[in-house]
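Per TrEMBL, these features apply:
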- B:1-20: region 'Disordered' (REGION)
- B:29-55: transmembrane segment (TRANSMEM)
- B:89-114: transmembrane segment (TRANSMEM)
- B:89-299: domain 'ABC transmembrane type-1' (DOMAIN)
- B:126-146: transmembrane segment (TRANSMEM)
- B:174-197: transmembrane segment (TRANSMEM)
- B:231-255: transmembrane segment (TRANSMEM)
- B:275-300: transmembrane segment (TRANSMEM)
Amino acid sequence: MNAKKLTALAGVAVLALASAACGGDDEGGEGGAGKTLNVLIAANTQYPDEFAAWQKDISTKFKAATGAEVKFETFASANDELTKIQTSVVSGSGPDVYAVGTTFTPTAYSTGAFVKLGDEEWQKIGGKEKFNPATLGISGPDEQNQVGIPWVSRPFVMAYNTDMLKAAGIDKPATTWDELGQQAKQMTKGDEYGLAIAYKDNFDPWKFVWGMSVQAGNPLVDGKTAKLQDPTVQKAYDTYFGWLTRDKVVDPASVGWTNPQAVAAFAKGKTGYFMLTTTTATNSLDQGAVKGKWKFALLPTVPPGATSRPSNGVEAASILSGDNLLVADYSKNKDLAFEYVKLVTDQEVQLDYYKKFGNLPANAAALQTLSSDPQLGPVTEAAKKSVATPFTGAWGDIQLALTNVAVQSLPDLGKGSISTQQIDSRIADAQKSAQTALDRAK
Amino acid sequence: MTTLVRPPASSEAKKEQRRRGVTERQRPLWLLTPGGLLMVVVILIPLVLALWISLIDLDQYTLRRWVEAPFIGLDNFVESFSSGLLNSIWISVSFAVLSTIATVPIGIAAALVTQNKYRGRGLVRAVFLIPYVLPSFVVATVWRTMLQPDGVVNAWLSKVGIEGGLWLTGPRSYWALILVEIWAAWPFIYLMALAALQSVDHEVHEASAVDGAPWWPKLRRVILPYLRGPVLLACLLATLNHINNFTLPFVLFGAPAPEDVNVMPMIVYVTSFQSLRFGLSAAMAVLSLVLIAIPLFIYLRAVRLDVHEEGGRR
């Protein structure tokens, strides 16, 4: 039955072991000539042609600089990537460089299969200083144990409908969650709603809860202790669900929405704010009725129920979001790998990548050139004010537990009300699984 | 008058004995080696590995040196029970059995409808196969879109005065899963039933016609008994397919899934690929295998599923 899936994985591992035993080294001629660097990178389904062209361009540049070839291998989903990492880690052979999402970096780190970056390695790629300091926040558990090299940022911001805000007499977007709720109420009438929220998304809910809690001074993980059963977390869920059940400032149908559906709803031009989006949504928004009538803004950074951040609160405008580059420990081409990393994190290449795909540069100088763009101003600011989620191998489980609270609450949201007891008991479950995961963390 | 000459019995028997000796003792069994090797590599080794993984503490921390991962005996199995596996097995099995029970009459009815020749029968047969040939991913995506709170299904329901509500979360999600599974899976029963109908001898139809049997007794007492073997086999295969279906719940509900549709493949997937507890998920998979194998074995014994023997007896 289900054993099939696992046995298949195990089978792959065995085969990979066998092929690793048979496989030879990639040693070639002098310098990089004759060598091939394998890079694993997420497939870009939005701009496949441009992505292929970009790969070709990078290959040419890399060949000119080192004499070696770059071979790109793409994965379609996070699951594909994980499977690839697993088999490579087990077999000790596979891609030399991995592009890994920021929240997945702690998990990748915990496998111990990637090169830890010392001074020498940082020098090879042009120094730590070349990166936006915030992006280094999730490179490793501490300064001495970094594995992730920031490549691109996708900070989260909110988009707002300029016409609707103006019509409601609001002169600037909200900077506190309470203010946001208030403005949303002002804009909700008839078929117009204050907020577009993707309640059924598999990732969005935990980002809200994490953000509000961190702003209130609770980073959710304190060493080896999970702090989910906390008034800050409860208040966060209460606010998040309250927009639907109490304030009624979101479309009731949003109980079934994932993020792309919320984008589509906002694009129709009948919603004041679209919470939690990135620059990659720009094209979708410009194709809708909202074209020319929307702007990005920083997400509120003052926790719900407060008018200013408490002294231990953090000004977290977004989770530290984007991709890191990791060099595999088993790689026979580590020098080439760092050459590649240096190339794709250079200012010019980073700006080009932004223009083609909308991912912000991790390169500080490149990011600076974009901050003068009025449309991008808030986004570059969010990139600088991004805060890393806790660096622990248990984070995957914690994030899952936080999302699960929202998933299991959807039926109640659908009925239009959820009690504090219901929220509390689901948070208690989440706390339990988060603590179990932390107890196992090594 | 002719006299029957008795053939020399002794020499004939000797010949037969020798022939039997050749076929039984000197069968070239070594010819099975490639197939056997393949079975070992594709089925046996992975199964043994899964058993082994279920006994060790394999997660993202130990993955790199998985051979040295600590041996923890049955701890993973014990933990499986407290991680909601039993509930998932119950959901999976009930969902699979209900889906099978619902698809059988539909499948058989469809087979009967396309049994006799008429104009456009080929087209009807082709149309019947559409749900079956569509990839599970596509079926799930389309249904997910239709079952949205503001989707087509609720729009239709509201036209006839029924409040639709949420189909993809909460208790209703279970019925949504069954509904979509039925839609996608009935053609399998239809195919098996149709194959069985086609194999009913022409004489049987003629004999019933000669006896003047009306259609219902003919169907119930003459035709349906022919379908028993193949349809029981189809039930078994279909139930196993339902239990194994991962794509449908995953695409319909996403992970983490609502508790009501946290079927076995989902819980194993989440444990394995989101919590990265490979040891625990292997134990879950092994337990599910055993727990499902037992009723399966009983079922097989009870229905004595041997299509050929049944056919031969008739």
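Including glycine, each Cβ sits where the backbone N, Cα and C put it.
From a predicted model like this one, the values you see are computed outputs, not experimental measurements.
By the count of Cβ pairs under 8 Å, the stretch nearest in packing to the transmembrane segment (B:89-114) among B:29-55, B:126-146, B:174-197, B:231-255, B:275-300 is B:174-197. At the 8 Å Cβ threshold, with sequence separation of at least 6, the transmembrane segment (B:29-55) comes into contact with the transmembrane segment (B:275-300) through 3 or more pairs. With a cut-off of 8 Å between Cβ atoms, the residues of this chain six or more beyond the transmembrane segment (B:174-197) that come close are 91, 95, 98-99, 102-104, 106-108, 110-112, 114-115, 128-132, 134, 136, 139-140, 143, 147, 167-168, 223, 226-227, 229-231, 233-235, 237-238, 241-242, 245, 248-249, 252-253, 260-261, 263. Only residues 6 or more beyond the boundaries of the transmembrane segment (B:275-300), in the same chain, are considered here, and those with a CB under 8 A from a CB of the stretch are 50-51, 53-60, 63, 69, 72, 76-77, 79-80, 83, 85, 89, 92-93, 236, 240, 243, 264, 267-269.
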